[in-house]
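The following features are taken from Swiss-Prot:
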- His83, His182: heme b b562 binding site (BINDING)
- His97, His196: heme b b566 binding site (BINDING)
- His201: ubiquinone binding site (BINDING)
- 33-53: transmembrane segment (TRANSMEM)
- 77-98: transmembrane segment (TRANSMEM)
- 113-133: transmembrane segment (TRANSMEM)
- 178-198: transmembrane segment (TRANSMEM)
- 226-246: transmembrane segment (TRANSMEM)
- 288-308: transmembrane segment (TRANSMEM)
- 320-340: transmembrane segment (TRANSMEM)
- 347-367: transmembrane segment (TRANSMEM)
Amino acid sequence: MTNIRKSHPLMKIINNSFIDLPAPSNISSWWNFGSLLGVCLMLQILTGLFLAMHYTSDTMTAFNSVTHICRDVSYGWTLRYLHANGASMFFICLYLHVGRGIYYGSYTYSETWNIGIILLFTVMATAFMGYVLPWGQMSFWGATVITNLLSAIPYIGTNLVEWIWGGFSVDKATLTRFFAFHFLFPFIISAMVMVHLLFLHETGSNNPMGIPSNVDMIPFHPYYTIKDILGVLLMIMVLSTLVLFSPDMLGDPDNYIPANPLNTPPHIKPEWYFLFAYAILRSIPNKLGGVLALTLSILILVIIPMLHMSKQRSMIFRPLSQCLFWLLVADLLILTWIGGQPVEHPYIIIGQLASILYFSIIIILMPLINFMENYLLKW
């Protein structure tokens, strides 16, 4: 008799995706972040669902409803901080996942890579809308500043902003629609994740060597299920420590002040995971230029496969490319730091130099180094 997991139509899909899936025998812990992202997404949907049961998307009561969740709902504070810090964990895993894709050349699977970029954009949009919901000072002013950037689009900009706001300023209509979209998007993300996995399983996983691994595959279960569970446990430990000991470490104190359209905070800044893009936006003293640079800072990932000039896929045997990769990582950390600083000397010039370096590394230096390495290897 055939095993039910191999014969049942639904079980067969699960079996071919998570149990009998042939996986390269040498993939390292850098390949754990896909499963960690799945866990983060499930955690966010679950905690978000329970938070939505108590939250009210009205400008008069939104701030108080979040306070009510923290004070009066049983374990409401845990839910709220798990959701807020879960978003931070989500982005840490996302950035590491993308970084691993760049380092090991996984971007050569173009369908998987492009769906991943769309996923990144969708998650960023979801996180931004979620940040507006508590209706604190930084929520309100963050929403005002970021949505206002669309007014830089010629001809239709102003109309577009007012259409998104649902009025002439960020108000009740804006909050209600942001809540609706924030609730809807994670389910769209879940569907896109399935497409992401579908494309990945068409080609099979990449591996640290960047060479075909068809000759040496092992079943996903039990080898990588055990490995993924270890990663999940470590992430839960970090998240629990954050939630239980310093839940507000990554947040902004200004968001504990109710939104006031008449009082602007001294430094308007987004959550920490958007600071690198915010620094790139601020480094250009022109509104439209800044918006274009902001969009391109993420959209540049699309052209990375086209700029791959090396005869080798992975960076594991390319020390010059490795140096450039880690320079890019350091540059992104500098941009993240600059994004949280006030707009004054010397932060302005540091931000501008870091922004130029960011685009230069990806567009100019990476392909040049690839050609150089090919020449050194006489290929």
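Placement of Cβ uses the backbone N, Cα and C atoms for every residue, glycine included.
Everything Swiss-Prot records as a feature, shown here on the structure.
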residue	record	Cβ contacts under 8 Å, 6 or more apart
His83	heme b b562 binding site	Gln44, Thr47, Gly48, Leu51
His97	heme b b566 binding site	Phe33, Gly34, Leu37
His182	heme b b562 binding site	Gly48, Thr126, Met129, Gly130, Leu133
His196	heme b b566 binding site	Thr112, Ile115, Gly116, Leu119
His201	ubiquinone binding site	Asn16, Ser17, Leu21
Quiz item: Is the transmembrane segment (178-198) in contact with the transmembrane segment (33-53), using three or more Cβ pairs under 8 angstroms as the rule and ignoring pairs under 6 apart in sequence?
Solution: yes
Practice problem: Sort out the residues at least 6 away from either end of the transmembrane segment (347-367), same chain, that have Cβ-Cβ distances under 8 Å to it, and list them. | Solution: 279-280, 282-284, 293, 296-297, 300, 303-304, 307-309, 321, 324, 327-328, 331-332, 334-335, 338-339, 341
Quiz prompt | Surrounding residues of the transmembrane segment (288-308) on its own chain - C-beta under 8 Å, 6+ positions past either end | solution = 98, 102, 105, 107-108, 110, 113-114, 117, 120-121, 124, 149-150, 152-154, 276-278, 280-282, 355, 358-359, 362-363, 366-367, 370
Quiz item: By Cβ distance under 8 Å, which residues at least 6 away from the ends of the transmembrane segment (77-98) in the same chain are close to it?
Solution: 30, 33-34, 36-37, 40-41, 43-44, 47-48, 50-51, 66, 69-71, 116, 120, 123, 127, 130, 235, 238-239, 242-243, 247, 250-251, 271-273, 301
Self-check item: Non-local residues, at least 6 beyond the ends, that sit with Cβ under 8 Å of the transmembrane segment (178-198)
Solution: 17, 38, 41, 44-45, 48, 52, 55, 57, 112, 115-116, 118-119, 122-123, 125-126, 129-130, 132-133, 143
Quiz item: Secondary structure at His97 (heme b b566 binding site) (DSSP, helix/strand/coil)?
Solution: helix
Quiz prompt | Surrounding residues of the transmembrane segment (113-133) on its own chain - C-beta under 8 Å, 6+ positions past either end | solution = 55, 57, 62, 66, 87, 90-91, 94, 98, 101, 106-107, 139-140, 142-143, 146, 174-175, 178-179, 181-182, 185-186, 188-189, 192-193, 195-196, 199, 270-271, 273-274, 298-299, 301-302, 304-305
